[in-house]
Each structure stands twice: as C-alpha cells, then as structure tokens.
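Notes to accompany the following structure.
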Amino acid sequence: MQDVSSGSKGSSVLTKLLYNSTWRGWLFQGLVLLGLLSFFIWIISNTVDNLQRLDKKTGFGFLDQKAGFEILTSPGTAFMNYAPGASTYMDVFWVGVVNTIFVAFIGIIAATLLGFLMGIMRLSKNKVLSSIATVYVEIFRNIPLLLQILFWYSLMIKSLPDGREQLAIFGDFGGLNNRGLFMPQPIFESGFGYVALAFLGGLMGCWLYAKTATAIQFRTGKRPPGLPVYLLLLIGIPLAVFFLLDQPMTWELPVFKNEGPILRRGFDAEAGMALKPELLALWIALSVYTAAFIGEIVRSGIMAVSHGQTEASQALGIRSGLIQRLVVIPQAMRVIVPPLTSQFLNLTKNSSLAVAIAYPDIVSVFAGTALNVVGQEIEMIFMMMMVYLILSLSTSLFMNWFNNRIKLVER
C-alpha cells in the first residue's frame, strides 16, 4: 500500500508540473536550447573532421602572409597605403572594410537627401513636380538593384570619353572620362592637425551655443542670433588657425596629357585624385534605389501628421515653407526614423553587390580574390559576417539614439 501511495503521489506531482504553464514553458525552452546546442556541436565536429580529412589549414595565421595581387585604386588602398607584395592579407581585409564603409556612408547621405526631396515633391500641389517624383519612385524601386548597378556602370564605360580624352567639367582642375572622375588631391602637411582640432572645437562650441540659445529662448521667448556665431566657430576660427600656421595644406592637381604618343595620353595616374567608375556607378545605383523607398517613407510620415497642425499654423500666418520645416516635418520624424533605419541597413548590406562590377569592397576583395588565393573559407567568411554585424549594430544604435532625441515629449 505504501508503494502504491508513493507512486500515485509522484504521478500527481508530475501531472501538476506538466499542467503548470510556467514549468512547461521552461521545459520546452530547455529542450529547444538543448536541440540547438546539439546541432551546433554536430556541425562543428563534422566541419573539423572534414577539414582534417582534406588536410586544410585552420586559424588566422594567413592574415600575416603577404598579398601579391593588385587592388583597384580606391579610398581603401589610399588609406591603407596598399602595395602588392608588401602588404598583408590583414591590409587587404581593412582595404575592403574601408571601401565598404565609404560607399555606405556617402550612399546614405545621398539617398537621404534625394529621398526627402522626392517625398516632399510627391505631396506638392504642383502637378509637374508631383508627377516627376511619382515616376521616379515607381521606376527605381521596381527595378532590381543589381540591374541598376550594371546599367550605371555600362553607361559610364560606354558613354563617357575614353582614357585619352576628357570632359573638362572642372576646367584645369580636373575632368571626367571612362577611367574615373579626376580631381585635385589635398596634401596635408605638418600643423594641419591643429586646424582639424580648431574645427572640432568649433563643432563643440556650436553645440554648447545651441543649448544656451535654447535655454535663453525658453526663459525670454527670444532666441539669440545663431548664424553669425556658427559661421565664426566653424569657418572663421579654423581659417584663422590655417593662415596663422602658414597654410599647412596644398593641392595636387591632376595632369592631363594630350600630346605625345597616343598610348601615353590621358590623366597621369600619379597626380591628383581619381574616383573610379566602379565606385561612382555603385554609389549612384545605391543612392537612387534606396532614395525611392525613403521617398515613400517620408511621404507617409508627413501624411501621418494631423492636418489640423497645418491649418493651425496657417491661421497664425506662418508661410507654407516654414510650416513644413518647423511644424510638419519635426512631428513626422518620429514616424519616419524607424523605417529609415531599415533602409540604411539595407543600403549597407546591398553594397555587397559591388562584386558584380569589381569594386573592391570586403566581399569582392577579401571574400573573393583573397579567398581564392588563401582558401580558408570559414575564417574569412566569419570575419566578413562580423564586419556587417558590427556595421548594422552601430547604425541601429545611432538611429535609436537619434529617434529618442527627436521623439515627441508629452506633458
């Protein structure tokens, strides 16, 4: 009798636990976690066995080896001072990272400006402007990005003058052909760091002055003039330091040779600065494609603001331009920013399509050329994944901070 009683008691406890939602939730989560852990252990064990069977090297020692291949001239090669045979695979990695960050950064800026313009134009009462914005959005957001990249690249290669000719869009200061956009290159000399510090100090001063002006406006109802102070801090003081230090920056102009043997004509590769057609095509494609989506986000954000806000502003006699800038758009930003963050992340990740036109981003130069030479796929793909993860998390953190700064504060 005692055994039957204890058995039924144990069964009763087990039944109570199974019907307890909290305990059951922990049980199911534990089983799922155990299953995932077992799966990853199996994957790692299987991978190690296969690598040993194929006698393949593992680890990150390859990063110290010399890289003997050329990389297209780009911001990354200039920043890392890349030289075939002298630079390592770690340098190749950083060349790809710098190029990815550069094209993503300038793409985000251009796409944001163009997208806001298109979004506002779509709501314009002017039928011409509204129609232009509508056609732009419907065309560029419905054509695959890869096709747009190939289109812009082919357009530059086929339509622009060849390397022995130029479009002198900058006069004697540079030009454009199918080998790139050639511009003057700044040469920073000793002492320029003080100019940069003066500019950074000016930025800090502008921030402090803006906070002080806001506090004064809150107390008195009048805001002190800002533009003269900002110009003095951002331009006046750095310029004064620049001339006091005897101009510690010069410009190296591009040199175009239109005489001599035909094969030697064109821009000198050693003079000035060049933005290659691969970079320009990728930048334009990413910008116009993402701007089409941002335009729709801006339009929907503005439409989400109550029309009563506009009517109240008009009743106060505020001009339509100021209504948009001071009343509508600040309130629309809390609707715009969250989906805008997703577009910034998409643009950064879409830059990996640069491999289609051989722009040396991290996918093309590190997970492409370098991987084919070294052959350590797991380590190199892992490093590339970490780069995109860090870029995405950094962008999200910044946009979340910005969203908290502009959110509507209710009393």
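Keep in mind that glycine also has a Cβ here, set from the backbone N, Cα and C atoms.
All TrEMBL annotations are machine predictions without curation.
Taken straight from TrEMBL:
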TRANSMEM  26-45  transmembrane segment
TRANSMEM  92-116  transmembrane segment
DOMAIN    97-399  domain 'ABC transmembrane type-1'
TRANSMEM  128-153  transmembrane segment
TRANSMEM  191-209  transmembrane segment
TRANSMEM  229-245  transmembrane segment
TRANSMEM  280-298  transmembrane segment
TRANSMEM  353-374  transmembrane segment
TRANSMEM  380-402  transmembrane segment
Feature contact check the transmembrane segment (280-298) with the transmembrane segment (229-245), CB under 8 Å, 3 or more pairs: no
Winner by Cβ pairs under 8 Å against the transmembrane segment (353-374), considering only 26-45, 92-116, 128-153, 380-402: 92-116
Beyond the flanks of the transmembrane segment (128-153) by 6 or more, those residues with Cβ under 8 Å of it: 118-119, 121-122, 277-278, 280-282, 284-286, 288-289, 291-293, 295-296, 350, 353-354, 356-357
Within-chain partners of the transmembrane segment (380-402) [C-beta distance under 8 Å, separation at least 6 from its ends]: 93, 97, 100-101, 104, 337, 340-341, 344-345, 348-349, 352, 362-363, 366-367, 370-371, 374
